[in-house]
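Marked as active site, proton acceptor by TrEMBL: His188. Here TrEMBL flags Gly12, Ala13, Ala14, Gly15, Gln16, Ile17, Gly18, Asn106, Gln113, Val130, Gly131, Asn132 as NAD(+) binding site. Feature annotation from TrEMBL assigns substrate binding site to Arg93, Arg99, Asn132, Arg163. According to TrEMBL, the domain 'Lactate/malate dehydrogenase N-terminal' annotation covers 7-147. Residues or ranges marked as domain 'Lactate/malate dehydrogenase C-terminal' in TrEMBL: 157-322.
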Amino acid sequence: MTTTPVNVTVTGAAGQIGYALLFRIASGQLLGPDTPVSLRLLEIPQGVKAAEGTAMELDDCAFPLLAGIDIFDDARQGFDGANVALLVGARPRSKGMERGDLLEANGGIFGPQGEAINAGAADDVKVLVVGNPANTNALIAQRHAPDVPAERFTAMTRLDHNRALHQLATKAGVAVNEVERLTIWGNHSATQYPDIFHARVGGRAATDVVDEAWLESEFIPTVAKRGAAIIEARGLSSAASAANAAIDHVHDWVTGTQGEGWTSAAIVSDGSYGVPEGLISSFPVRARDGRWEIVQGLEVNDFSRAKIDASVAELVEERDAVQQLGLV
Ligand SMILES: NC(=O)C1=CN([C@@H]2O[C@H](COP(=O)(O)OP(=O)(O)OC[C@H]3O[C@@H](n4cnc5c(N)ncnc54)[C@H](O)[C@@H]3O)[C@@H](O)[C@H]2O)C=CC1
Ligand SMILES: O=C([O-])CC(=O)C(=O)O
């Protein structure tokens, strides 16, 4: 067992995702059963008392891997020494809003947090942005952290990926672990493109198992609009599934993805697949030695090209909007 605890900073610790996330991190599901963790919870002043309550409950679980909990309302302190930073704290959308509507409300949070990461996080810091609009918030944070390698800033599309796995597996009548090589491209928004053209279902090409009409009229809209459907049903945005996806993303990043399959994550584009360099866009990715790599060489047909381009165009618009707001 490693003895030095890994510092995990979680922002928005008193929120609904925070509540679903912290117990799983403390139990070892984020970094594995041999790695002790020290939690650093960052909240706004009004959230500190509730975060203290959550910390009391974490204590009461007597998790063997939980080496300590500290609570902050100051970003510089919260990110000091952070090895893993989960940027969850932000306002969620409510019924009728698109995630992009949160740009102005939430964008202002991520510049100062990027600066704080730049100032004091550990040299190996890995950042996952969950707060919406996640891709562009990650871009804002990254641009405020010039001394941290850009590739350490990522945004979460793993929830979309997991949603897509479930939808395709259910349609094909197989277990989720029989579905592989799905990809979420682009933005974590209704323009995202869940791509099954390279996917395998029980060893067969997914396109041989499901028809194109289902793909276009059911699968893509169901996955892309699932967040809104959850809000409609629960009256609140998804929380436990979002926390689960954050665990999956960081666990894979740290411990590596298995074999030749892949997952999806929004990472800084190197220009692959025509996505402008520097945008934080979702790609098919594998994790090796603590780094995400974009899966190369996939053929992109005309249908996919148009969908990827549309989502990337939205990312460009969001980037331009935050530039105009002076956030980057
Ligand atoms: N990328 C994804 O797949 C998903 C993203 N989300 C997003 O995650 C974010 C959080 O969602 P919930 O936990 O449901 O919201 P919530 O409202 O329950 O909790 C947010 C928490 O963040 C705190 N907070 C606000 N500003 C902060 C700051 N500057 N520093 C630290 N903490 C701060 C609030 O006090 C609150 O406790 C939302 O933006 C939501 O849209 C939600 C689901 C999936
Ligand atoms: O839809 C929302 O606002 C919350 C979210 O990002 C999701 O559930 O994918």
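Please read every residue number as a count from 1 along the shown chain.
Backbone N, Cα and C define each Cβ position, glycine as well.
Known features from TrEMBL, placed on the structure.
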| residue | record | Cβ contacts under 8 Å, 6 or more apart |
| --- | --- | --- |
| Gly12 | NAD(+) binding site | Gly18, Leu42, Glu43, Gly47, Leu87, Val88, Gly89, Ala90, Gly131 |
| Ala14 | NAD(+) binding site | Leu41, Glu43, Gly47, Val48, Ala50, Ala51, Gly53, Thr54 |
| Gln16 | NAD(+) binding site | Pro92, Leu236, Ser237, Ala239 |
| Arg93 | substrate binding site | Arg99, Asp101, Leu102, Asn132, Ile231, Ser237 |
| Gln113 | NAD(+) binding site | Thr11, Ala75, Phe79, Leu87, Ala141, His144 |
| Arg163 | substrate binding site | Thr222, Val223, Arg226, Ser241 |
| His188 | active site, proton acceptor | Arg99, Asn132, Pro133, Ala134, Asn135, Ala155, Met156, Thr157, Leu159, Asp160, Ala266, Ser282 |
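Taken in sequence order, the binding-site residues Arg93, Gly131, Asn132, Arg163 that lie near ligand 2, meaning a CB under 6 Å from one of its atoms, are Arg93, Asn132. When Cβ neighbours within 10 Å are tallied across all protein chains shown, the highest count among the binding-site residues Gly18, Gly131 belongs to Gly131.
Over the domain 'Lactate/malate dehydrogenase C-terminal' (157-322) the predicted model carries a mean pLDDT of 97.
Most Cβ neighbours within 10 Å, among the binding-site residues Arg99, Asn132: Asn132 holds that distinction in the structure as shown. Once the Cα atoms of Arg93, Arg99, Asn132, Arg163, the listed binders of substrate, are compared pairwise, the greatest separation found is 19 Å. With a cut-off of under 6 Å between the Cβ and any atom of ligand 1, the binding-site residues Gly12, Gly131, Asn132, Arg163 reduce to Gly12, Gly131, Asn132.
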